[in-house]
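This report concerns only the one structure given below.
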Amino acid sequence: MNMIEALLSMRVLFLTQVFGIFLCFPGLTKAGHLHYHSSIEVVIPMKVTEKTRGMNLPNWISYSLKLGGQRYIIHMKIKNLFLTRHLPVFTYSDQDSLLEDYPFVQDDCYYQGYVEGDSESLVSLSSCFGGFHGLLEINNIVYEIMPKKFSRKFEHLVYKVDINKTESRGSSLMQDNITCQVELQKSGNPILKQSSFEDWWTHTKIVELVVVVDKTLYDHYGNYTVMLSDLYSVINIVDTIYEVIGIKILLVGVEVWNKKNLIVIDDVSKSLRLYCRWKASNFLHRLKHDVSHLFIYRHLRGLSGIGSTGGICDPKRSCAVVTFIDRTLNLRAIGVAHHLGHNLGMKHDEDICKCSYSKCIMHMDSPPIPKFSNCSYNYFWSYTVKNTRCLMENMYTKDIFDRTRCGNGVVEDKEQCDCGSLRNCTNDLCCMSNCTLSTGSSCAFGLCCKNCQFLPSGTLCRKRDNICDLPEWCNGTSHECPDDAYVEDGIPCGVSAYCYEKQCNDRNEHCRQIFGQNAKTASVHCYREINTKGDRFGHCGLQGPTYIKCKSNDALCGRIQCDNVVQIPNMKDHSTIHFALVKNVSCWGTDYHTGTSLTDIGDVKDGTECEQNHICINRHCVHISTLDSNCTPAFCNYRGICNNKHHCHCNFHWDPPNCMIRGHGGSVDSGLPPKTNKKKHFFYLLLLQLIILACLLSCLLWLLFNIKGSKRKPQVQPTPVKTKKVSKKVPSQKPSPVPSPSLPQLRMPSRSASPTSSIKSTN
C-alpha cells in the first residue's frame, strides 16, 4: 500500500462573525492571571436614616461611603426574584447515589441599586455574612467591595479595578471600521442605546439557570455553606448585569459533584461537548431549565471558559463551562455573564463595538466591565429577542419565585397576565395593571396569541425547519404553541441518511460543507486506513491526552474522509487539512485543535449511516434497532411518520392517533392543521368548469360565424386571360419520363450515380 501524506497548515485570524449567529459556534475568552486591582481603600459604609430626595419607597435602604475623596450615597433594595422557591441542591453519597436536598437559603441579604447622581451606575451587593460583598460601578469606575476580616468598626476593603491593563489595541483599518459601523447602522435591527432598551418589549424575559459545581471547585472551598453563598452572590451580580437589557436570571437548581467528576475535564472544547451531552441525558429530565453552567477550579489554557453560541433554546447546546480559578467574585460573575451572553447569541466584540469603556463585557479579553456594547445589544435584538421562544414561555412559569407580586413582569398564581410597570401597562392593550386581561381580551402573550385573541385552530405557529422537523399548529383555545416535535430518530431522510436529533446527517453533504460542492465521501478504505491509526487525523475520540484508535467496525464513525476535492478551503484558527493516498484513492480530512473556539467539523456526526441499517452513535457503529421505539410505520398504518415522542404524525387526509380515520393530518403533540373547506373547493371547481365551458362556447360561436360568412360571399368567375403563342424550335428528342406528382420521389442507391443527382436521363 502506498501512502502519501501532506500537511497543509493554514493560519488565519479567528473572526467571531464569519459564520453568523445560527451556526452556533462556541465562544471562548482569555482569562489569564491578570491583576485588575490597582488600589485599595478602607471605607466604613454609614447607613443613611433620613429620607433623601426620591427615596420615599418602602423596602429601600441607603448607605453613604467615601471613595477617592468623594462621598457617595448608595440606594439599594432587597432582590427576591433570582432564586426559585425551594431551591433544590443535588449531591452524591459514598455509594454514588443521587441525593436531593432543599437547604435554607437566606433570601433577604441580596441587594441591587444605584448611586445617587449617576444614572448609569450599578450596584449589586450581598450581606449574608455580616458585611457587603459585591460590585459597584460609579462614574465609569468599577470597584469590588468586601468586608475586612476581624474588623470591629464595620470596615470594608474597596478595590479599584484597573481597566487600563486591558486596553484594546487600536486598528489601522479605519475605512473597514467605518464600513462596518455603517453596515450595523443600516441593518434591519439597528443598534439601540441602553437608555431606551427597556422599551423594546412589554414583558421581561427570564433565563432559568442551573449550576453544576465540579469536584475541584468543591474541594477548593472546603466549606459547603460558604460555597453556596458565593454561588448565590455570583448569580446575584449576573442578574443585575442582565437586568439592564430586560433579562432576569433565575437560579432553579444546583448540583455538586462532591465525590468525583462525572465527565472528563481536560481540554476546553471536549469538556463542553461532554458536559452538554451529560446535561442533556441526565439533568434535563430531572429539572426543567434553559441553560446550565459547569463551574470548575482549574486552568483552561488561559481561557475563562467556553459557551455554545446561540444555544439557549436547544437542550443539547444550552451549556457552558466557566473556571473560577485565580478570579475574584466579581470576575467570576462577569465571566459567567460573558459566556451566558454567548448562549444568548452574542458574539465577541470587535474594535467598532463601544460602550462607556474601551472594552465591554463581550470582548475576547473578558475585561472586568459589567457593560454591554452596542454590538451586543444588536446581537441580542436580532437573535435573542426574535428567536428565543423558550424564554417567552419561561416568562410565565408559575410558582418559581420566593414571593409573588403583581407588576414584576411574571405571570404567577391567580394572575391572567403581568405587564410589569405602570409605564409598560399603559402601552399594553391586552393586560391591565392589576394583572387581569383587558375587556374583550382572551390572551396577552404567546405564539398563539395575536391582537389579544387566540389564533384560530390550525394556524401555523412553528414552521418546519428541515426534512427531519415537524410543524406545529395552534388549537384555538390556548395562547401557547405546542412543544417542538420532530421526526423520530432512525427514520430515513435520504438514500443513505437517517434523521437523528432533528438533523439529517449525510456523509456527502458533510464533505460538501467542508470541501465544496464537488466533494463526496471517500472510499471505505480511507476510513479504515486512517481512523484506525489513532492520531489527530484519524481516531475515535480522546482518552486523556491519547487518541483512541477506531475498531475496524467503527472506522466509519471516526473522522470524516472525503474525495473529489477540487479546491482547498480556507480553514479557521490554525486548522490543518490532511491528504493521503490509499489504494490510489484520495483521502481528505481535517484535524482539530482542542484549544480553539470553533466546532470540530471533522467528526462524523451522530446519526450518520455507517453500514446498512447501522448508524454512528458516540463513535460506535450500532444497529438501528438500538433506537428502541414502540412507534412503527405499521402502528401508523403506513399513513404517517413517527415523531420524537413516539406518536404518529399523520399524513393529510388522516387523523391521529393511528392514522386510521379520515381527517386532516397532524399528531396529538403538534396539533391539527387547518381543515379543508369543502364548500370553497367545490366553488373553485365549479368556477373552473364554467370557465372551460365558456371557452368552448366561444370557440363554437366563432366557427359558426366564419362558416356563415363564407357562404354569403358571391362566386366570382375568373376572366380568361389571352396569351400569345410563342413558338420555338426544339430539336426532337425522346421525352424524359416525368414522375407522378402523387408519389414521393425516393432516392435510390446507385453505385455509379453522382452524389448530386438522383435521376439519370437516357437519350
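Placement of Cβ uses the backbone N, Cα and C atoms for every residue, glycine included.
In Swiss-Prot, the cysteine linked to C355 by a disulfide bond, out of C353, C360, is C360. Among C443, C449, C452, C481, the one Swiss-Prot lists as the disulfide partner of C461 is C481. Noted from Swiss-Prot: C353 is disulfide-bonded to C375, selected from C319, C375. Looking up N177, N630 in Swiss-Prot, the residue bearing an annotation of N-linked glycosylation site is N177. Summarised by DSSP class, the composition of the domain 'EGF-like' (631-660) is 0 helix, 9 strand, 21 coil. For the glycosylation sites shown (N434, N475), fewest C-beta neighbours within 10 angstroms: N434.
In the three-state DSSP assignment, the secondary structure recorded for C375 (disulfide bond) is helix.
Counting same-chain residues at least six beyond the ends of the domain 'EGF-like' (631-660), those with a Cβ under 8 angstroms from any Cβ of the stretch are 470, 485-489, 491, 502, 666-670, 672-673. When averaged over the domain 'EGF-like' (631-660), pLDDT in the model lands at 88.
Cα-Cα distances to C650 (disulfide bond) place none of the recorded positions C353, C360, N475, C481 within 10 Å. The distance from the Cα of N584 (N-linked glycosylation site) to the Cα of N434 (N-linked glycosylation site) comes to 77 Å.
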